[in-house]
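Record features (TrEMBL):
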TRANSMEM  6-32  transmembrane segment
DOMAIN    9-440  domain 'Amino acid transporter transmembrane'
TRANSMEM  44-67  transmembrane segment
TRANSMEM  99-120  transmembrane segment
TRANSMEM  140-156  transmembrane segment
TRANSMEM  162-186  transmembrane segment
TRANSMEM  252-273  transmembrane segment
TRANSMEM  293-314  transmembrane segment
TRANSMEM  357-377  transmembrane segment
TRANSMEM  383-402  transmembrane segment
TRANSMEM  414-441  transmembrane segment
């Protein structure tokens, strides 16, 4: 999809697209991540991720055109860039990683939306009972409701191309992020104390082993908050030339990563300052904040609206890939290729495709069922961040840049780039291990389809 493609492609519009794409549900777990790492390592890790993201984004931006940076052949998507610069088996690996990541994001968004819907119900229940009723409830009906909405939206052709969708997403993500930040600042001002410690959550509150695993998981949560490499090339495709798109994109990346990091530092640090060791996994639904309850309701409603659209935007490439593959494999199947025209008064007729109807519905049902079986927002976000960080943000941009610039093997530049890639691989392995350990721990006290919050 093209974010804001109806606007002229300048440094400022590209920066706006990136900020819009990056600041999302990942911001909600940053206070928890900072609490695991502490006042020293927390901000330091965020700055480290911002540097790596900026650097590898400039490498990726250079791969927008193959050959000549001004007149070379354009690559319109991340996959096109991998195909042009690396080719062969690596394209397939990239595809699998990319689609697995998108599938995971669909699960993460289902969990996050259901938690926010429950938070609205619970905050109103708390308010009505004056805090006397614990207001326990089951998340499954909310996940089913979200799934039904996504089944309907997934049948709307080119839903991700609607120009107003990006504006709604931008407004919603800034609404809930700013409310979270504002409530954190208000809480610190109200208590007059800055909570937390230099080394993070203390052993005693958690065991020594939990402390290690949670610190690793925090890396995944922060990585997830920064991930946008998948759509960088598509944002770059909206830029005007001259100057060369890669030059404009470098400036836009510097501005947007700088703004995002500042915003993340504020959200993560203010949340940690407000709650210390007890920072909730999801800042707006962990019930650190109870009042003003109407403001929490607005923030959580904004999360739901944002994620309903974001789910479709992220799933469209996966939908398109499966449908294209099926058409190529079975070109004579009417079930796959035939469109049934359904007249709609006052509108163009709707093209109903039976394969699209069945496959997309099954996809949404599967993501909803997995969400019900693993409704752990923090662990899933950490795992998604880990799985996407090294391959998509670091490995492929580094390898493509080496291939594009024909950097000789074992030269100083080549060695430095490989050291960066290997270091980030270790971070990904640690973050994935921490998140899986978190899931295993949560599953011990979890009863599928029966757990209430």
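Each Cβ is built from the backbone N, Cα and C atoms, and glycine gets one as well.
Caution: TrEMBL annotation is automatic and unverified by curators.
Sequence-distant residue pairs (6 or more apart) of the transmembrane segment (140-156) and the transmembrane segment (293-314) include at least 3 whose Cβ atoms are under 8 Å, placing the two stretches in contact. Note: the stretches the transmembrane segment (99-120) and the transmembrane segment (252-273) are not in contact (fewer than 3 CB pairs below 8 A, sequence gap of 6 or more). The stretches the transmembrane segment (44-67) and the transmembrane segment (357-377) do not meet in space: the count of Cβ pairs below 8 angstroms, excluding pairs fewer than 6 apart in sequence, stays at fewer than three.
Long-range neighbours of the transmembrane segment (162-186) within the same chain, counting only residues 6 or more positions beyond its ends whose Cβ lies under 8 Å from a Cβ of the stretch, are 3-6, 16-17, 20, 23-24, 27-28, 31, 263, 266-267, 270-271, 273-274, 283-284, 289, 295-296, 298-300, 302-303, 305-306, 309-310, 313.
Long-range contacts of the transmembrane segment (383-402) within the same chain, counting only residues at least 6 positions beyond its ends with a Cβ under 8 Å from a Cβ of the stretch, are 26, 52-53, 56-57, 59-60, 62-63, 78, 81-82, 85-86, 90, 93-94, 97-98, 100-101, 104-105, 108, 219-227, 229-230, 414, 417-418, 420-421, 424-425, 427-429, 431-432, 435-436, 439.
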